[in-house]
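Structure first, then comments.
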Amino acid sequence: MAAETQTLNFGPEWLRALSSGGSITSPPLSPALPKYKLADYRYGREEMLALFLKDYKIPFDLLEKEFLPILQEEPLPPLALVPFTEEEQRNFSMSVNSAAVLRLTGRGGGGGTVVGAPRGRSSSRGRGRGRGECGFYQRSFDEVEGVFGRGGGREMHRSQSWEERGDRRFEKPGRKDVGRPNFEESGPTSVGRKHEFIRSESENWRIFREEQNGEDEDGGWRLAGSRRDGERWRPHSPDGPRSTGWREHMERRRRFEFDFRDRDDERGYRRVRSGSGSIDDDRDSLPEWCLEDAEEEMGTFDSSGAFLSLKKVQKEPIPEEQEMDFRPVEEGEERSDSDSSHNEEAKEPDKTNRREGEKTDRAGAEASEEVPQTSLSSARPGTPSDHQPQEATQFERKDEPKAEQVEKAEEENRSENSLSAKVPSRGDETVPASQQPSTPLPPDTASPLLILSPPVPTPSSASRPVETAAVEAPGMSSVSTEPDDEEGLKHLEQQAEKMVAYLQDSALDDERLTSKLQEHRAKGVSIPLMHEAMQKWYYKDPQGEIQGPFNNQEMAEWFQAGYFTMSLLVKRACDESFQPLGDIMKMWGRVPFSPGPAPPPHMGELDQERLTRQQELTALYQMQHLQYQQFLIQQQYAQVLAQQQKAALSSQQQQQLALLLQQFQALKMRMSDQNIIPSVTRSVSVPDTGSIWELQPAASQPAVWEGGSVWDLPLDTTAPGPSLEQLQQLEKAKAAKLEQERREAEMRAKREEEERKRQEELRRQQEEILRRQQEEERKRREEEELARRKQEEALRRQREQEIALRRQREEEERQQQEEALRRLEERRREEEERRKQEELLRKQEEEAAKWAREEEEAQRRLEENRLRMEEEAARLRHEEEERKRKELELQRQKDLMRQRQQQQEALRRLQQQQQQQQLAQMKLPSSSTWGQQSNTATCQSQATLSLAEIQKLEEERERQLREEQRRQQRELMKALQQQQQQQQQQKLSGWGNVSKPAGTTKSLLEIQQEEARQMQKQQQQQQQQQQQHQQSNRARNSTHSNLHTSLGNSVWGSINTGPSNQWASELVSSIWSNADTKNSNMGFWDDAVKEVGPRNSTNKNKNNASLSKSVGVSNRQNKKVEEEEKLLKLFQGVNKAQDGFTQWCEQMLHALNTANNLDVPTFVSFLKEVESPYEVHDYTRAYLGDTSEAKEFAKQFLERRAKQKVNQQRQQQQQQQQQQDSVWGMNHSTLHSVFQTNQSNNQQSNFEAVQSGKKKKKQKMVRADPSLLGFSVNASSERLNMGEIETLDDY
């Protein structure tokens, strides 16, 4: 990433990608994304703003839980309607004064453009009509430095449309203007370096000139854009030709290809690094997601969306950028860029094998530049590449001027020089600089910063291509070559100037590196320990994206949660590069996110870069020095040889010649032995003052030489000496000596040559041995690789076999399982069929049994119908007889009434006669009259009672009866009051309390005995009355009085007090309290209750025997006893001694109840109540099991029960017949009392089933003991006649 603070786009990349349109000026998407079709309907700015509604409701879909954290209640207004804040206005606009000052100082301002002025197109179309950029604004990279060197004065409008921004929408504000500085504050230096940033754009030289000449201000901008649209992207890229866009400048649009760092192998292309500082421009023109080392640029966004870097203090490029400044790209690569060469892509995988030790992606790019050259040279070793003519023809083909051609050639040679110094292990050697063609440099390119002395490899460096012109050096191919002295001097001077200029340029680079290093160290020292940059952390996620910044607490939490591995690349905001978390923990001695002293910022590879730079410059300096030395020696050697051919040399000259030869041979030996240039370190900065000429005389002059150089050779050799002979002798001696020295020198040279050849042979042998070893190593590795592949193949086959066996076993197991499942399914199906058959058989058996039961039921029904018909016929006969009897009774009553009327008529006549007789006897005296009356009364009483006496007797009897009734009522009321008091006491103690105090309430047995005594008394009284009636012979009067008495006593429903006592006893001790025989505390199931049954039955018999003349009373008593017996049967069971059917049932059940889990008496009483034969069979089967004995028992049970019912019906009919016969034997008053008693009983019994004595009822309803319930279901006994129907007969 560029070293300067680069403006980033605000907003995610996918949003910018989706904003891409189909027009020419729209930005291209990333290569993997498809093109998007334009919408059919597009709206202008005003139309879209008119569609905005403030009161628009939130869509219902957004109200779900997942959208609630990001949901905002109020809609945001469009940005076009929101005015700029002060900070945004300050960021996006420049003041006129600062722009003018910068323009005067030559620092940009858009190359002389007015701030905010439109460039080529009008920006005054309003606040946008297209797809406006709402969020991502750019800002000049060096805003904080006060240098607006990128023409960053374009005024930003929030609603500027895509058309208004042109294809500059993703670039930073204008770059590459005339006065642009390169990171330094010094104006002249930056102006001088201007060419360096653009020299390598061989295809864009016309564009650059047009822009320099100011065409960028007018139509040139537009023309350049349209001219270069078709040639911007590589035609062989996977996505084909691309449209223009991204943040690339118009003048640099052709030169870039993307270098997706982690996707080089997937893509078929990559961006070649451009040389010199123009790489910075390239990087600025690319989106930040496709730049290398994106982690070097960290920062935040302010409220306006502008990017704020955390490294504002860094004004110098990082070492990676310095290396790029130091290494211009070679023309061959530029050519490959334009000629669509795939060589780089084909050789690109080799770079990783050679550059594993380096951490940055820089080395990978360098290797990709060097690999094609290596393969090219290996294809033709020893053959120098005639690259210069190719370049010349290429440049002529592109109509490039000579000056640009020379600049390109020098740029290439310089890059080769840097590369050979950068990679010294490749055996590069230097040759004399005279091999550089002596082309005169144009004055406009003779800047000291642009001249380099190129190294050329010797034939021994077979692994490098010879990139410079293959011109033989003087004195190497033919000794007779005579270079022109002036031309050689001129060329030598030019080369020396080039070398000095390059050294000055390197000195400037070193100064910049040193200042950057010092600045970094000063920054590291000056940052306080708790500085914000030390508290902010960034890390690279597995996708290679940089996340951050995060504070220490967040990073510590995530580290403790286990999200971070030891290999995670992290760095602080103040660090230069990322480091693995494990390395940082080792260096710091603790978890870096925990609190503690923070180490100084990590400088990255600055020291390493500085050392590398020093080694490069030292090696380059040595090479230049050796080249220069060799060139001088060759020149001197050639001149001496030429002079030797013309005239004999003096001894001094011969000595000089021998010394030159010796130096030349030594220098040749040095060069041949120097396979690796020593990395001699020197000072960081070489003085840019002084010349290389100050260094050379001491190294190149011989000690006996008086001149400073070969040009200072003595010119007075022809001067006259003292004497010619002496001079001739001296010359002969000198010639002999010189010849001897020459022979010695030749011998020495031969020895040295042989030594050199031997050494070269030895070196060649060593190289051969090394090559063989490498070949053997390679073969061994290939064999090992082959063996490993074979082993892997064997393992793979073994695994495949194992997998096949496992699959086969699994298949067999699956088949076995399927077979087992199939067998199970068949077995289950068979069992299901068998079960269905059994079910069918059972159903058939049940159907057969059902049919048999239905037949039996039909027979039973026929039998029952026959019995019912017989009973109906008997009932009809009885009804007919009864009707006849009633008719006879009515007839007899009519006769009686007629007789009574006759008697009354006779009595009236008799009374009239007596009154007449009394009136006739009024004449008698009173005494005699009374005496007569008494006598007559006595006589009458003796003879027959008179009517008045009969009436008196009747009245007296009635009065006695009423008194007796009142007395009984008083006793009854007393008993009721006592019972109520006891009940109240029991209620106070709680209704659930079982314990009851022994009260004075009479039991049912005592009440029945008392009633029986009262009935006996009443019968005796009736007998006495009947005797009196018989004595008085007034049967008719007695009958009349009995009838009158029974009518008067209708409340109690009887002629005597017996019914009233019975009714009272029912109130006192109802059927619910009859269970308490002797003690009220005893429950219903106590033993005392069991005695009630037989006693009641005996009492019933006694009552039936003793009350034969009072049928109404006895009938009522019988009903009460029957109800009690039913209760006892229901809860206690029928008396075993009385019922043979029950005894048989119990005997059979005891025999059948083998499991001893059945309560036999309860089951017998329950079965008796079940009427349906089917239910009897079901219950028998359920309780006794589905056996033949149980079925036989049920069948016999039904037969015996039917017989018993028939017998019971017959007995009841006989009893009813007897009762009816006894009823017919009584007089009409007794019959009337019986009917009245039955009616009152039916009215009083709420839970009693009303049944006529003549009709048969299947099942009679009985009362249950309410003490089992815990509460009373009847009305309170305190309230008399509650719930009973009162009739007129009751009064």
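Quick reminder: no glycine exception, Cβ is built from N, Cα and C everywhere.
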Per Swiss-Prot, the candidate from ARG119, ARG209, ARG970 carrying the annotation omega-N-methylarginine: ARG119
Listed residues SER26, SER1172, with the one flagged phosphoserine by Swiss-Prot: SER26
Site from THR383, THR439 that Swiss-Prot describes as phosphothreonine, others unannotated there: THR383
Residue from ARG107, ARG131, ARG900, ARG957 to which Swiss-Prot assigns omega-N-methylarginine: ARG107
Annotated omega-N-methylarginine residue, as Swiss-Prot has it, among ARG121, ARG169, ARG883: ARG121
Other C-beta atoms that fall within 10 angstroms of the C-beta of SER594 (phosphoserine): 12
Across the region 'Required for GRB10-binding' (548-564), average pLDDT on the 0 to 100 scale: 89
